[in-house]
Ligand code: 1PR
């Protein structure tokens, strides 16, 4: 008897489990249809694709028991896909049906005026009490239930909160009787989300039901659209993780991807290989520190991929498991997401590797080198769609495209613009004579992609790569810059504008942040959705709070509330 969590075998259920443990609530997992009878409260934290959720629930014989549980009137809390399955169907998977309890459909966001997926912190505005200030939660989804009290009055009667994204208002949570569902992820929404889960669990069933079954008076559909889109720009703290020369996992930070201490020339040490790997701290300690400081997301990159460990014994998995216990904002893990072979010869698909990370507590995986190979394969095929076998496609199919980040490591290739007749001529960037960097003035270049942490340069350009991985199923693009990494010279706006102009998915700026002003510059000059930094945070030169204060001062929306 008690609280049960429903896991259909995909999606990051670990985040919710960690939130409940942090809040001091014990729970069991639903492992068979019979468990539904034992549950007195049920949480379904669905992540991923609608089809995968419905298919897996059906295969495991859990869909009908779930329906019966809901009909019994016992408390239910569905998160993201756990809310969407309450609806009739989703445009994401037209051949699969939901439970039809909320009488309307889930549709795709219109991407003609905005980036899709809707990713980041936005406000959930209470429909019942519009005078209460909005609370900010983390959203990540491409499909939503449109809020339309005139056309869909029955569905509107379920509406607990609405949220606006671009010109669209959607139902961000539903509530009726003991059924509650949120499109956003409270388990990834910092202190506000933890408080919401805690409140729901601490409210006795009778009160929970009584407080919400009052008639709901709905506000007029739309008044001032623009003013209510509260999607904020995200600040991401990134940790490059690798083992030091003694085999301990540490956070390091390079200059243009060289992570070893510089050794003075003429020293008796080996000048060619450089000094020791720079040690900037322990990954879990730093991750929890950045969470507490207000980072909107945390990124852990395994920069050497630990190729020789069996998958189950990846040192990085232990880091992710530990970090996820302290971090209640989205956690992205990168490095080594590709088909691998364990030392005993067991083959592991990229999907299996990613699944291990999701089960450990990651919310997104970031794919570097393998994305370049997949994009090259797509370009060589001459097709405008993939064959569904790439790591990007398989992971996006199982977990939803929002869980797949592609991390690009571009490097400038300088050319003489007057005589140049090589590839990517149409993508050449010309350094303006007023450029703040003297070294850029009068020069021309294109951006080549690299693999293996910048060790090998490929002929595919950054725009080609960005467009291809979007087609293959990437939900977000993280744009590093080997030229700017660790220099503190500021983000490469030319590069970011090119990528931003090539895709519809969110773009994260990375590499080069040296002062808080660089963050406002990159948001104003390029329109990216998020900015990531490493060195300045690790060295304590600028605090995340200072960055956000500066952005707020410059009228750039950020999530300011922190625990
Ligand atoms: O190819 O799928 O195994 O992924 C490898 C991942 O590891 C890629 O995301 C790649 O960017 C990363 N990586 C590989 N080698 C290095 C290295 O530094 N030698 N790190 C590396 C890349 C870039 C950012 C960095 C920002 C911000 N580091 O992670 O944090 O540049 O730095 P700054 O704010 O200090 O300028 P795969």
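Every residue, even glycine, has its Cβ placed from backbone N, Cα and C.
Curation does not apply to TrEMBL; its annotations are automatic.
The active site, for GATase activity annotation in TrEMBL covers 80 (among others). Sequence-distant contacts of residue 80 (active site, for GATase activity), defined as residues of its own chain at least six apart whose C-beta falls under 8 angstroms from its C-beta, comprise 45, 46, 47, 140, 141, 182, 183, 184, 185.
There are 25 other Cβ atoms within 10 Å of the Cβ belonging to residue 185 (active site, for GATase activity). The annotation active site, for GATase activity is assigned in TrEMBL to 185 (among others).
As annotated by TrEMBL, active site, for GATase activity applies to 187 (among others). Around the Cβ of residue 187 (active site, for GATase activity), a 10 Å sphere holds 30 further Cβ atoms from the protein chains shown.
Taken from TrEMBL, the feature active site covers 240 (among others). Under a cutoff of 8 A between CB atoms, and with a sequence separation of 6+ in the same chain, the neighbours of residue 240 (active site) are 251, 252, 253, 254, 259, 301, 303, 534. Residue 240 (active site) falls within a strand when secondary structure is assigned with DSSP.
TrEMBL lists 409 (among others) with the feature active site. Under 8 Å, Cβ to Cβ, and six or more positions away along its own chain, residue 409 (active site) finds 257, 368, 449, 450, 451, 453, 454, 480, 482.
The feature L-glutamine binding site is assigned by TrEMBL to 80. In this structure, residue 80 (active site, for GATase activity) is part of a beta strand by DSSP.
According to its DSSP assignment, residue 480 (substrate binding site) is coil. Taken from TrEMBL, the feature substrate binding site covers 336, 480.
The annotation domain 'Glutamine amidotransferase' is assigned in TrEMBL to 5-191.
In the three-state DSSP scheme, residue 409 (active site) falls into the coil class.
Secondary structure at residue 336 (substrate binding site), taken from DSSP and collapsed to helix, strand or coil, is coil. For the pair formed by residue 336 (substrate binding site) and residue 187 (active site, for GATase activity), distance between Cα atoms is given as 26 Å, rounded to the nearest Å.
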